[in-house]
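J.: Sharing a structure here in structure tokens format.
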Amino acid sequence: MLSLLSDLSYRVKVPISLALAILISGLVITVVLIGQGERDLRDDLFESARDVGGVLSNTLTPLMRHDDLWQAYRMLHHATEESGLASQRLLLVVDNQQQVYVSNQPRRFPVKADPGQGNPEVGQLLKRLQQDALITDQLYSQRSDQNLYVVLSLVDDRVRIGWLIMGYPKSLLTSRLYDLYWRVTFSAFAVIVLLIPVGWWIGKQMVKPLSLLHQSMAQVGQTPLSEIAYQPPRRKDEIGKLGEQFGQMLDSLAEKERLEYQMVASERLTAIGRVAAGVAHEINNPLGGMLNALNTFKRFSQADPVAAKTASLIERGLIQIKDTVSVLLVQARAQSHPFTPKDIYDVIALLAADARKMGVQLDFQTEGDKPTELPSTPIRQILINLTLNAIHASSERSTVKGMIRFAPEGILISVENSGPTIPTEKLGRLFEPFVTDNPRAHGHGLGLWVTYQLVQQLKGEVVVVSEDGLTRFYVHLPEIERSEEVK
């Protein structure tokens, strides 16, 4: 049974344990109450018998001294009639010779007769009295006896002259005990029936936080951490502390996962950047030669108009290739003036027309007045790219908000726009070249790629958060010395 319980879930084990505890407690209390009730009934019977016996012994003693047998019988008979137990209770007076002196049942116990002949149980009592093995003034009964007996000594002038034996049928107690058993058992059963559902409910409530914790723990490794919705219980006991520790563990794992994701994305983007730069260099060299040759052909060739038109078409295509390749060769060098709030106003002025065309308002604010040594040209390009991206991604009649904070540790830039949430699976490829799924955007999807490369060359960090219809780009550019060249 115990091994079976140990394998059960706490959702079942705790309620069952509480229910069993209530049941066992109810049974123990029932047994104790019944035992106490039985003792109380016996004590009540003994006290009643002793009170009656005390009155009778005080009256019977002078009657025995004067040998007034008839008056003694009338007194016993009268005491029996007053109590209503004439046919049940035995009142027997025995002298020192253990012979019947008087009784309320004279046919069973004639005068001068041996009491043992009328009732063997009384004979056994007298034998014990003769052997001084029985203490008077107490309730006495053998297991096999059908009666309960109380024996009182009759003393005249400090000399014992006999005994008063009072017998009560055990059936008197049986009916009262049966009634007591029924009432106590019924009450205990009613209380148990009421308490077991309450205990079950309390047990379920106690285990509920553990069940939620178990469900959440089972999802770790199977479900993305961002999709595990676990709310630690607001309690200060061990379960509450365990839930709090698990919540902290989830946060730590999520942070670790985020950092690993960023590292993988950063390594991938760095590798792509190196490949793109290498390819761009390899393309750029022959491309320059091709453009020079084409230019020479146009200047010195006497070709027909069709050839000239074809050469012009080839030149435009090569120039487009050159522009695309030049974008891939991103370099930010500290050759421009330091970045100032005036550069922000210039960016807003440059992008105002695009914002009006897309039905979007621009709301940019600055904070702090700490001068910076960071170059303006790459930061302006970062702002332009992020703002253009936000304008194209915004819903109509919305506002693109920007915050540029000049702090001692560097420049902090945030650009925010409302619009469709970027899916999680696309966030990791957002800064890759030629990646765009915005139908309102123009170009080849190189804006965020250039932004990422510029931020990396400025030894900064760029983070994007997209949730609940709001997308935010955060850029942190650490401060540098004016003499340091950005690589």
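Count begins at 1; order follows the chain as displayed.
For all residues, glycine too, the Cβ spot is worked out from N, Cα and C.
Where the annotation comes from TrEMBL, it is an automatic prediction and has not been curated.
So TrEMBL says this about it:
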| type | residues | note |
| --- | --- | --- |
| TRANSMEM | 12-34 | transmembrane segment |
| TRANSMEM | 180-202 | transmembrane segment |
| DOMAIN | 204-258 | domain 'HAMP' |
| DOMAIN | 278-481 | domain 'Histidine kinase' |
J.: Which residues, given as numbers and ranges, are at least 6 beyond the ends of the transmembrane segment (12-34) yet have a Cβ under 8 Å from it?
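T.: Contacts of the transmembrane segment (12-34) (Cβ under 8 Å, skipping residues fewer than 6 from its ends): 5-6, 180-181, 184-185, 188-189, 191-192, 195-196, 199-204, 206-207.
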J.: What is the pLDDT of the domain 'Histidine kinase' (278-481) when averaged and given as a whole number?
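T.: Reported value for the domain 'Histidine kinase' (278-481) is a mean pLDDT of 81.
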J.: Reported in the order helix, strand, coil, what are the DSSP residue counts of the domain 'HAMP' (204-258)?
T.: 40 helix, 2 strand, 13 coil
